[in-house]
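Feature annotations, reproduced from TrEMBL:
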type	residues	note
DOMAIN	11-213	domain 'Aminoacyl-tRNA synthetase class Ia'
DOMAIN	219-401	domain 'Leucyl-tRNA synthetase editing'
DOMAIN	415-606	domain 'Aminoacyl-tRNA synthetase class Ia'
MOTIF	579-583	motif ''KMSKS' region'
BINDING	Lys582	ATP binding site
DOMAIN	648-762	domain 'Methionyl/Valyl/Leucyl/Isoleucyl-tRNA synthetase anticodon-binding'
Amino acid sequence: MTYDFAKIEKKWQDIWDKENTFAAKNDYSLKKYYALVEFPYPSGQGLHVGHPRSYTALDIVARKRRLEGYNVLYPMGWDAFGLPTENFAIKNHIHPEIVTEKNVARFKSQLKSLGLSFDWNREINTTDPGYYHWTQWIFLQLFKKGLAYKKEMAVNWCTSCKCVLANEEVVNGVCERCGSEVVHKKKSQWMLKITAYADRLIDDLDDVDYINPVKIQQRNWIGRSHGAEVTFTTTQGDDLVIYTTRPDTLFGATYMVIAPEHPIIEKYKDVLTNYDEVKSYQDAAAKKSDFERAEVNKDKTGVQLQGVRAINPVNNKEIPIFVSDYVLMSYGTGAIMAVPAHDTRDYEFAKTFDLPIIEVVAGGDITKEAFTDCATGTMVNSGMLDGLSVEEAKVKIVDWLKENGKGEPKVNFKLRDWVFARQRYWGEPIPIVHCEHCGAVPIPEDQLPLKLPEVESYEPTQDGESPLANLPEFVNTTCPVCGRPAKRETDTMPQWAGSSWYFLRYCDPHNVNALAAKEALDYWLPVDWYNGGMEHTTLHLLYSRFWHKFLYDIGVVSCKEPYQKRTSHGMILGENGEKMSKSRGNVVNPDDIVKEYGADTMRLYEMFIGDFEKAAPWSSASIKGCKRFLDRVWNLQNSVIDQDGYRKEVESEMHKTIKKVSEDIENLKFNTALAAMMSLLNVITATDGITKGELKAFLIMLNPFAPHITEEIYQQVGFEGMLNQQSWVTYDEAKCKDSQVEIAVQVNGKIRDKIVIDAESSKEDALNAAKSSEKVAASMDGKQIVKEIYVSGKLVNIVVK
Ligand code: ANZ
Ligand code: ZN
């Protein structure tokens, strides 16, 4: 019988489809497991070989859990709003809805061809009005709680997409999507107050099981910093408040720096004798991104304010004030005290401008570089703080500042509120009406969903308004409060909206009365295991945690965190270790692999390719190896011994492999789980045939990885029922030990031979076996034995004289 994978795989996919094999049950008395992968953006390129790495991994987990008796939810859907589709639609004059439909159909058939056990009854699409109804509903709840607000602000403006970008979408000063220049532009924007959740987003990380890099990145991104605000005064008698994390270094402040946008500059327009110079520095700074300005290694520039100085509250010393772009207006108070002896950027600035550097923490060599270590230094040149450690000095100086009304402790965050609007067509309309009398008014919930109107052209207007602004029949409406003529909001929501709550919809995807029934949410949540890309750590993952916490606060969900466990897969690279990309011509199409080798080989290969969390280059040779393994598995059918249980010669190998595979799957070590099954196969094929008991256990273990071939063999051999309905295999810890072990035999500490004995051998048996070795006997040479040592399972040492 040949292994006709194309036929076998199609056969089982049809059966699974027809029998709804992987449907999650709505029986809330069962023990549940919710496995989740990030739903894809259905791009025009179709599935990438990177997608199945994540999907197969959690498919393995989902299939294992079903075999373990869980009611498993493993769903899939489409994150389908967004720019690429919209840009394609504009270019080719096809409605984005049609583009989306086509892309989704392609993705879906590709995913089905991989035999992934998704519950397709729960498929969702963020562009479906029945779905975005609830995205809009959540927005309205945020609005009602004051967490969605409009603000005039400088926004990142992509000169090519003609679109406002979130800070996260600006990479090294250019647009993340198209690579064009990003400039600052003033615009009134919808914002979401994610900062109100900053503390909880950090603190609750302690309660979830995320891989460490994810926790670290989120903590850094939120950037909670503990410090103090200190009030300096100017020689004009005004307060100038700075934020510092090192109030202990106050005696080392030799100058002050304010951000170019600091309001005191305008206030001192007439005081400053070099106002024009300051002004032109300000204009130059406005052209740079915060990212460029904050760069540690860049050359320090600045201008000293002439005509005014600052007074340090701890010692009343007068110090110069500079304006420099390395201080950002958007952080802290937009002003700092500069302590060049202990801060790297201040140090460089002081060197550039030839400013004094006063050491206040002893322990480094400040003639060479700033001494920034807080743990080991001792305070010097600091009056009342001299002799203290940094930690002690911080406490003492903050107390002093509080008592003297010169400062107080302060916690700051790097996290900014979320710009929640795009001036584009292909997104969820924001369900707000602007009325001259009533202001921004939410549309009544019974008018949701507010559907995207049909438009002729999807291009944003040249002044950057959304294409919806060109549709009077959409824009002009009446105010839901006073009934007077009013105008609809024309901005749409950003791409990240629909994905911020999609895992909730899977719990009850067809509900028309609520985003999901409470009991469905209570049963399925939290997601037990969520796998996705590292690149989403500070965007989607953080946004969805924020929305979930908000929904918790208003009673929609009952758990504080959406995801109990979060893991992340490494990227799959081209053959030479470069990123796969069209321009490099090294993109591997999953369809080709499935066609040539079959889905089971493709799945196996993607799991075998390397450590799951690390990037891995594609290797065609290694695919062939996986295919050969499956060919050998297929041939096991030819030598089945009609007998249950495991034979003595393979028993311990069976138990060891079951243990290893069971544990490795939980620890994301899919590659070593497969390696263990490969060596088990070697052990089995070295014997005469395979018993039914061994074959069944082997098939169950391999089933989550290679579901089609295992199901087919199971049927061919004549086992009862379907393989996926069986129970996961168990092992006996005691039998995981090798029955025989090789031990070294030493005579007077020198190895003379290696012998194989029963692992359970007693000391006496081991010694007898050792002494019956000819080499050992020869080296003992009839001498008298003075000592005999047996280290169980490892060695025998005989001391002779
Ligand atoms: C004096 C000082 C002495 C500082 C020293 C550091 C070391 P994080 O941890 O990021 O919160 N800073 C404050 N506001 C700033 C702004 N708007 N733009 C640029 N830098 C700013 O860092 C806080 C530290 O960054 C503050 O503590 C301040 O410099 C600087 F040995 O104050 B420090
Ligand atoms: Zn009104």
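Heads up, the Cβ atoms here are built off N, Cα and C, so glycines get one too.
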*List, by number or range, the same-chain residues at least 6 past the motif ''KMSKS' region' (579-583) whose CB is under 8 A from its CB atoms?*
45, 48-50, 571-573, 618
*For the domain 'Methionyl/Valyl/Leucyl/Isoleucyl-tRNA synthetase anticodon-binding' (648-762), which recorded stretch in the set 11-213, 219-401, 415-606 gives the largest number of Cβ pairs separated by under 8 Å?*
11-213
*Could you break down the residues of the motif ''KMSKS' region' (579-583) into DSSP helix, strand and coil, giving a count for each?*
0 helix, 0 strand, 5 coil
_Secondary structure content, the domain 'Methionyl/Valyl/Leucyl/Isoleucyl-tRNA synthetase anticodon-binding' (648-762) (per DSSP, counts of residues)_ = 64 helix, 19 strand, 32 coil
*asked:* What are the sequence-distant neighbours of Lys582 (ATP binding site), meaning same chain, six or more residues apart, C-beta distance under 8 angstroms?
replied: Gln45
*Averaged pLDDT, computed only over the residues in the domain 'Aminoacyl-tRNA synthetase class Ia' (11-213)*: 93
